[in-house]
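The next block holds one structure in the form of structure tokens; read it before the comments.
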Amino acid sequence: MGKKLCGTNYPLSIAFIVVNEFCERFSYYGMRAVLTLYFVNYLHWDRDLSTAIYHAFTSLCYFTPVLGALIADSWLGKFKTIIYLSIVYVIGHVVKSVGAIPTVGDTSMHIALSMVGLILIAFGTGGIKPCVAAFGGDQFEPEQTRKFFSIFYMAINAGSVLSMIVTPILRGDVKCFGDDCYALAFGVPAVLMVAALVVFISGSGMYKKVPPEGNILMDVCKCIGFAIKNRFRSSKHDVKRKHWLDWAEEKYSKRLIQEIKMVLRVLTLYLPLPMFWALFDQQGSRWTLQATRMNMAMVRVYLSAIRMLNALLILIFVPIFDFIIYPLVGLCRVNITMTKWWQTFIYLSHIHQLFPGRYPSVKCEAPTGVFSNLDLGLLDFGASYTFILKKVSRFEDVMANNVNIAWQIPQYVLITVGEVMFSVTGLEFSYSQAPANMKSVLQAGWLLTVAFGNVIVLIVAEGGGLEQWAEFVLFACLLVAVCIIFSIMAYFYTYVDPSQLDKLYQQDAAKGESEDELKMTEKMTKL
């Protein structure tokens, strides 16, 4: 029996994994919290290009988990994969921070370093994503996995909350090189990633390490290819098969075929899910830009810190759902499966405005003289003004925005409630429905839904040419359609227990060995 965490039935090793995840998520979300503003204000890109690059980066972060899962399940194992790709992650953060130092080269150099840094970060964070979740699940007994994934998700969002408070302050309040200190805002997350790596390595002796079982993904691809080839080569006289994968039985084991069927059924269920993430990840692009155009007269906050609302609300809602809502549903004897929790998707309202400021004493230097103590009154950002200095007259060329940023709070509350039911359940579902040798692969499949969600935003932002309000309406309508489709798919999904698969094939193997021994005994008797 391994050591237990004080006061709980959890293995002590989980403390190192949770702290590692906290630091890593601080690192990632801290960098990402100021990324869009860095593109707009530092690199001077327009809003559409900034949105496109932001979502291209986020999408790459969620495509690379397939690579990490392949390396972990087929070659290095989860533990070594996490360590090696974390080193790549750290290097990416360092390069990104150097790219934000004004004295290092010109704009082209800053862009080049930023892109190289972001690519390395994407490979690092994406590569370890499926491994950390699955590695943490390996430390627990099957009945404890729901609690683990709740704790794991709370660690993610605790790191996110803290990072979204700290990095905007480092960017805005600390000045370096005469301007906002993006180099420091990106440098602190790099330090946290180093801490994450050190903490994870410190718990090495306590982890339960499941060894890799060969190139399982390659075996899966070959088996699928062989089944398709055999299916099309078959004649009318061949025996009918219940499933098209059964055509691979001539070459591959029944167990592998059954495991592939399990994985494909789950991946099919994932097909509608990217639309949720298409809306969710706009918090870092469209919603941040939306906040810069809203009125902050009553609620003074940092523009990038408004996004911490989501992570903060998750820390509140996860315990509420775990200790109140889910138990109450259980007491009512209502059988709500994991797929049914997913069916709560989010319908969002979007409002665009900006914040005001009062300018009672302004000094202006003009060719005709210096004008001091000019009272310009209350100026609203989002508006455009013309001032005639001789008479100090003011004309409002463009009407000011006056919708308060507090109106963003309901949309954050709604999307957070949906995320708690959707994401925590999705992580647990991906782990529980995966065969033992494909857990990282299926975790990667879950993360791919996030990648494709960001691709959808990228296409709409760059190719749609829609007004912002029309774009939001489009996403809301698409999500309604997807929710209906997913509800139908989830209704027909049948749950499986991978552990029963192990027992079944162990019994078959034992039976086969007994039959072989019996035949050998009969032969010896005849002799």
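Along the chain as shown, the residues are counted starting at 1.
Placement of Cβ uses the backbone N, Cα and C atoms for every residue, glycine included.
It should be emphasised that the depicted structure is a prediction, and the values quoted were computed from it without experimental measurement.
Annotated features in TrEMBL:
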- 52-71: transmembrane segment (TRANSMEM)
- 83-105: transmembrane segment (TRANSMEM)
- 111-136: transmembrane segment (TRANSMEM)
- 148-170: transmembrane segment (TRANSMEM)
- 182-201: transmembrane segment (TRANSMEM)
- 262-280: transmembrane segment (TRANSMEM)
- 300-329: transmembrane segment (TRANSMEM)
- 441-460: transmembrane segment (TRANSMEM)
- 472-493: transmembrane segment (TRANSMEM)
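Panel annotation: around the transmembrane segment (262-280), residues 220, 245, 339, 342, 345-346, 348, 415, 418-419, 422, 426, 429-430, 433-435, 438, 441-442, 445-446, 448-457, 475, 478-479, 482, 485-486, 489-490, 493, 496, 498, 501 of the same chain, lying at least six beyond its termini, place a Cβ under 8 Å from a Cβ of the stretch.
Non-local neighbours of the transmembrane segment (83-105) in the same chain are 24, 27, 31, 38, 42, 68, 71, 76, 111-114, 116-125, 127-128, 131, 177, 179, 182-183, 185-187, 189-190, 193-194, 196-197, 200-201; each lies 6+ residues outside the stretch with a CB under 8 Å from one of its CB atoms. With Cβ pairs under 8 Å as the measure, the transmembrane segment (111-136) is packed most heavily against 52-71, out of 52-71, 148-170, 441-460. For the transmembrane segment (52-71), same-chain residues at least 6 beyond its ends with a Cβ under 8 Å from one of its own Cβ atoms are 32, 35-36, 39, 45, 81, 85, 118-119, 121-123, 125-131, 217, 281, 284-285, 440-441, 443-445, 447-452, 454-455, 457-458, 461-462. If one looks beyond the transmembrane segment (441-460) by at least 6 residues along the same chain, the residues whose Cβ comes under 8 Å of a Cβ in the stretch are 51-52, 55-56, 58-63, 65-66, 68-70, 73, 126, 129-131, 133-134, 216-217, 220, 263, 266-267, 270, 273-282, 285-286, 426-427, 430-431, 433-434, 466, 471, 474-475. Residues of the same chain lying 6 or more positions beyond the ends of the transmembrane segment (148-170) and with a Cβ under 8 Å from any Cβ of it are 10, 14, 17-19, 21-27, 29-31, 33-34, 133, 136-137, 139-140, 181, 184-185, 188-189, 192, 302-305, 307-308, 310-312, 314-315, 318-319, 322, 423-424, 427-428, 431.
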